[in-house]
């Protein structure tokens, strides 16, 4: 038989060879496992599960700092700005790598990137644990941040590209579920080691096991067929896809799936990066909607509630590292409980409705928490303890007065009177206008009245009666925070990703999500690294009330600007968003509907007559 004829002949003989015709060239492919036999289902599940360990690591690393920070600020005598740098270092690393991570993904592939980021996580964790210093901790957390940011993108792409089309939604949901499970694990281990000397080392080291497991197993799994096609490795792509689809009945033929991948890749090549910032098809408006959505998502306070959970709880009455960390562990439980129903409700209710309901719950819970923090007098409480504002060796009796100079070295003042009521000053915080005092009574931290500073940078401090946080306010604060977390988990947590994947056309979706992801990390970094400073300046209640106000703005934004995606195809959504008058039409939609009902157009009358 002539070579040209042989190159297009297809045969069902298992011992023969398959030849797939490409529009431009004829590619010779060796026969791989039959799509009708084999265990492709198990291979897909294994590949997705190992890749989604990245979600577990992301959730774990984001949540563990809440409890570990209580120990670290004592071990390393961290000041308020230094605590913010420890928290923000992970976010800074994530932001930096999100800017250029796409190049690594496209050049080296999803599988290699996942392996690389797992090893990077191991390196950052070992640096944080083995070298006990502030800068080693910051650099180690930056490396971990780079790891979780890039691996999160790589694992989602890998899972979507190796799974059959009918499974892709569930595979992405598996990643989201792994994130919240990682958060639960992070909170749980933080509590377990809260009372152990150097327990923060064990908490940080908990990331080593899943990272090493992922780095060890991932090389044994197949690469993404889409990446192989992008690298012009069609023979390998065909063989890999045959392995992944072997034995799965509800999938299209491998050749058809390869053809669909080529068409999608061709559509992506039609759009450049700069197209995102042009008015064609309202692309710039779509980008602004996505950016505003993720900004408001972070501005509702979610990063700070997550990272500073134990710190906030200790200020509202949960004294002691163990108590505050145990209370924050409930956040992980609630996150899991809120994410699971969201997965099942999104197709029935729609993401827009879930966003509105969840954000309203967040708004009410933060308003309640803000009122409680004012009643419990946490508005004069310092959330920071550093080397420059602690005088643990100074003992006073209630009613005593003494002169305390600014920048007093630790232990300068010795006990002036024999301790009678077991009351002693534990911290002094200079806010430029007032001294904010905390003191301990029978191992329970209580708040003191503020005293104005004199022009000579000294103050007459009159020790006042104890102000205990009542048990009822303490537990209402915890419930308010748990309700806030539940509202976030059923709405902003998973639904923002659903909306972002729907408002951009297929050809430019990857570029758009990358830009918004970088903006998301930058916003997260800004909010997390200013939380303690803001609470010192304006007070915790004011900060909490600002979160409630941002939640209200977010509800209005979702109602006005976020399109309804329930029961609509991506093509329908994109067509509507591409209309030049979409923004104006959205703002006036209710007025137009009313007008259309009252006065039908001539075309509608003609159609009705027909």
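Cβ atoms here come from the backbone N, Cα and C positions, even for glycine.
Annotated range for transmembrane segment in Swiss-Prot, selecting from 13-33, 202-222: 202-222. Both residue 200 and residue 500 carry topological domain labels in Swiss-Prot, but the labels differ, so the record puts them on opposite sides of the membrane.
Counting Cβ pairs closer than 8 Å and at least 6 residues apart in sequence, the transmembrane segment (326-346) and the transmembrane segment (85-105) reach fewer than three and form no contact. Here the transmembrane segment (142-162) has long-range neighbours at 44, 47-48, 51-55, 57-58, 61-62, 89-98, 101-102, 104-105, 110-111, 113-114, 117-118, 120-121, 123-125, 127-128, 168, 171-172, 174-175, 207, 211, 222, 224-227, 244, 514, 517, 521, meaning same-chain residues at least 6 beyond its ends whose C-beta is under 8 angstroms from one of its own. Counting Cβ pairs closer than 8 Å and at least 6 residues apart in sequence, the transmembrane segment (177-197) and the transmembrane segment (50-70) reach three or more and so form a contact. The transmembrane segment (202-222) shares more Cβ pairs under 8 Å with 50-70 than with any other stretch in the list 50-70, 85-105, 512-532, 543-563. Long-range contacts of the transmembrane segment (476-496) within its own chain (CB-CB distance under 8 A, at least 6 residues past either end) are made by residues 173, 176, 180, 293-294, 297, 300, 302, 305, 309, 312-313, 316-318, 327, 330-331, 334-339, 341-343, 345-346, 351, 354-362, 364-366, 368-369, 372-373, 376.
Segment contact is absent for the transmembrane segment (543-563) and the transmembrane segment (85-105), given fewer than three CB pairs below 8 angstroms at sequence separation of 6 or more. Stretch with the largest number of CB pairs closer than 8 A to the transmembrane segment (512-532), among 119-139, 287-307, 354-374: 287-307.
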